Amino acid sequence: MIVPGSSSQQLAAALAAEAGRALATPTYDRFPDGERLAAVPDFDADEAVIVATTDSDEAWVELLQIQDAVREAGATDVTTVIPYMGYARQDASFGDGEPVSARAMARAVSTGTDRVRLVNPHEASVADFFDVPVEAVDAAAALADPLPTDLADPLFLSPDEGAIDVAATVRDAYGAGETDFFEKHRDRETGAVAVSPSDATVADRDVVVVDDIIATGSTMSESVAVLADRGAARVLTACVHPVLVANAVTKLRAAGVDRILGSDTVERGCSVVSVAPALADALD
Ligand code: R5P
């Protein structure tokens, strides 16, 4: 039985349809003091596949509650699918006295599951923080599906070297174009991002900027602005995880982006491709 977290209701339904499994209907409530209560009143199965993006602190608590609830309801086999894993970027102690937050979250989740599936984790090494088997699911190829078929001399560019594999996957799925990457520097105090252009010629070309995550939109809006300044024809953005907090969409539009494309690991208006088929394969 597929059990959705409240942030992953569309994706969980798509996965249930794709995998031919029943869909549970959890309830998501809150007590007057703010404590959450997620429950699974109609859960009736030995096997649970929980699908819960953890893009907020509330979502993490809800996931732990659902894990406990399905066990309480009789599940003997629990798979936890985390389409977008929040805190994954805090994968080291970056300053004196700081935690390795990704490890803390992974350990907590491991207590309530037999295995974990992660969609395009920020770094593959985050899997090592879990105490149960983890499989990373690469769903980036699907981002090529909604791209225009008439891209002019396309360039698939990542805003930093770390995302070049994601850009290459989208390029390969599209079937044409070059890949390249920018150099990125982020000021840890202010969050301000500066990108250094590569040597690639972009004038009159369609550029698809590909990243694993768009969060504040600073990285992408800087990249889009640089490309527009250098005479790119259309600049499109594609990401697996469209977190898009605060004014990220406006920053991108103001920078001149032609299109924002994302998957349904985080359910937003731009979530035009589904990772459900890739997840269904990973459940087999
Ligand atoms: C960082 O290495 C990631 O790949 C993304 O570039 C980053 O998370 C994007 O964050 P933001 O949208 O806040 O610039």
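Glycine is no exception: its Cβ is also placed from the backbone N, Cα and C atoms.
Feature annotation from TrEMBL assigns domain 'Ribose-phosphate pyrophosphokinase N-terminal' to 1-109. The ATP binding site feature in TrEMBL is assigned to Asp33, Gly34, Glu35, Arg89, Gln90. According to TrEMBL, the feature Mg(2+) 1 binding site maps to His122. Taken from TrEMBL, the feature domain 'Phosphoribosyltransferase' covers 155-241. The annotation Mg(2+) 2 binding site is assigned in TrEMBL to Asp160. According to TrEMBL, the active site annotation covers Lys184. Annotation comment: TrEMBL describes Arg186, Asp211 as D-ribose 5-phosphate binding site.
Mapped onto this structure are the features recorded in TrEMBL.
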| residue | record | contacts (Cβ under 8 Å, 6+ apart) |
| --- | --- | --- |
| Asp33 | ATP binding site | none |
| Gly34 | ATP binding site | none |
| Glu35 | ATP binding site | none |
| Arg89 | ATP binding site | Ala102, His122, Ile213 |
| Gln90 | ATP binding site | Pro99, Val100, Ser101, Ala102 |
| Asp160 | Mg(2+) 2 binding site | Phe181, Phe182, Glu183, Lys184, Val195, Thr219 |
| Arg186 | D-ribose 5-phosphate binding site | Ala192, Val193, Ala194, Ser218, Thr219 |
| Asp211 | D-ribose 5-phosphate binding site | Ser158, Pro159, Ala163, Val166, Thr219, Met220, Thr237, Ala238, Cys239 |
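Checked against ligand 1, the binding-site residues Glu35, Gln90, Asp211 give Asp211 as the ones with a Cβ under 6 Å from it, listed in sequence order. Taken residue by residue with DSSP, Arg89 (ATP binding site) is part of neither helix nor strand, so it is coil. When secondary structure is read from DSSP and collapsed to three states, Asp160 (Mg(2+) 2 binding site) falls in the coil class. There are 21 other CB atoms within 10 A of the CB of the residue listed as 'Mg(2+) 1 binding site', with all protein chains counted. DSSP classifies Gly34 (ATP binding site) as coil under the three-state reduction. In the three-state DSSP reading, His122 (Mg(2+) 1 binding site) counts as coil.
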